[in-house]
């Protein structure tokens, strides 16, 4: 990621809702952007703590009381607009005092979730700020990156979760999902608000605005898309913002943000038409939910933490119910623990305010410890396949069938057509020596139409297609100009193991993604050529083939499976890769080959430029599935805390594929289906999301903000860092706890030294019920859970005590489960993960 620091004059730069003032005539010595937090608590903490005192003696139940807190808390935050202005003036005053007469540039004042600001200064000035008694923390800004027609059916929503909510017309009603992404295309039919006669009011608790710019004119927002802003101060200050590509507005010039928003909350029943072909109707997981957009990532450079924190801060202040982040940091956060970084700590404050936070795990799998989402208050989602696939195939004249990809029609009437390689159809003015990439068929002027017309053109597919230098569309334009029947792409042998998404094609075509299968095609083709004996000139092309077509979907019983790119645990606690006692990912959801809305200017995938929908893969696609399903839970249980929503999703997750076998995990980038084994909790967390069961979990595990604080305070040497980020003293907490002691719906122990006892508390949100407890201990560990049977009344709590003993020394992770089986049909699964086991201490005193 390049950083360009230009020379600035005495100017005021205005963009979005922000005014940035440069305080000196030039800034040639300014070197970097820093995020500075102050020791005084932020606005959200003041309000939350005051409300907690006011409502301490409330007669409401636990969840009713939380709901009262949240509702009043948001009303106060909306009414007191002066607080933000006051905090900004305090920040300005501090900067003037500390950097008197010096050059600096303040980008943002954060006041809602954290009390601080982003500033463009030299390292020496940053050091001056860090030594002020008012300043708690100074962190160098860092970069971040972006990490469906059928998935509602695969998840059973029409007959299950949607039916329970009154049908898709009501699914997610009243819930606002905030997306921190690349923006949105407001003109897409997936975000229209006139698709039903049912009234569609904007929720009263939401106070966001719709930013108006030339790219995002008045009227872009509606009762569906209720808010839209953009944040780019860090990028603009670095001099890398390209207004022609990136749009200084909430408009999506990339496509990623439009895609993720529609996966979670796009309208129901929108026709998916790509390259003139119909692929069914699309729907978001919560088609009745509202969407609020906070654009902080951009097509040409990604994004930066300073802008992301500003977006999180604004989303919380606006009153969103869920924050969805299909983004991850580009590097593991430095410091004593991965949890202590500006983004995660801002999200902790959001969770404190009652907001459920969902984040993509990252696309850095399948290696262990590749996780890019770290903290226990964040619900981390990995990517799995679903059962719909699009496969294409070509049948050669020697009766060999080769499978490939391509959303393309087949050749007509089972007719076999002659195969002609592009490099054998060059005109007299073109040679491979002149252009080594001519075989990629990017320019029709290079070829002899008489040789190609009416035949199947063979083109090569190289890394240049992946990089966007060559495109499928240009190759098809070449084929069309030459009157070819269709195009067959063989894989360059240097593109080893690359997994291709299905690509839309307007005429018969296929990409053979396997170098081995490409060799089979070329061997048949070359062996069929008729050549003159002496000159070796080709006299006749005798190889023939037909393309079967890939427009029709196939369905597999082996789904879901964990995709090779989905990031894996164990959760790294710090930069030295020590393991945290936190299970990551929390869950997996559909993330592979997902159809969803696409921006009219979207350029993230060159093959879908100009299309209304795109098929994408990644944990970026998995996370908004969970954001939308969380909206359904929030709709049914408005008073649920964020951890209660996470518990409902986790404990009800499925452990089996459609065939009843174990969910498998791909273990290699190359030939992933040939390298797979049963998934572990470090691959899939609690399992694959079960949307309908999550609406009736029976029992929930609830964790509070105070527990998260006690956990952070329990990290060795963390007290000053906690003070810096939260403004709270660890001495306030009577005792600290470790990761295994958090009341999570999972248990992970990185180092089991002889024996460990942990407890979990469950709350019954259903009718009175009797539960029996069963367990399967991890290999090398003995386990006991008590009580093994219990009766629990509605609204009551039950404490479970789990004792784990190391049976022998072992440093390989092993896994088990605890099952809670209710007499009225509720079943909860709690995964157990133990890495290092030590039975005794070998050191002599």
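Here the Cβ of each residue, glycine as well, is placed from N, Cα and C on the backbone.
Those TrEMBL annotations? Automatic predictions, nothing curated.
Computed from a predicted structure; not experimentally measured.
Taken from TrEMBL, the feature active site, charge relay system applies to 181 (among others).
Per TrEMBL, active site, charge relay system is recorded for 256 (among others).
Per TrEMBL, the feature active site, charge relay system maps to 620 (among others). Around residue 620 (active site, charge relay system), a 10 Å sphere centred on its CB holds 29 further CB atoms from the protein chains shown.
Confidence annotation: the domain 'Inhibitor I9' (34-146) carries a mean pLDDT of 71 in the model. The domain 'Inhibitor I9' annotation in TrEMBL covers 34-146.
Under the heading domain 'Peptidase S8/S53', TrEMBL lists 172-662.
Residues or ranges marked as domain 'Subtilisin-like protease fibronectin type-III' in TrEMBL: 741-834.
The transmembrane segment annotation in TrEMBL covers 5-22.
Residue counts for the domain 'Subtilisin-like protease fibronectin type-III' (741-834) under DSSP (helix as H, G, I; strand as E, B; rest coil) come to 1 helix, 63 strand, 30 coil. Cβ-based neighbour count (10 Å, all protein chains) for residue 256 (active site, charge relay system) stands at 27. A C-beta separation below 8 Å, combined with a sequence spacing of at least six in one chain, links residue 181 (active site, charge relay system) to 146, 256, 257, 260, 261, 293, 294, 295, 296, 297, 324, 325, 326, 327.
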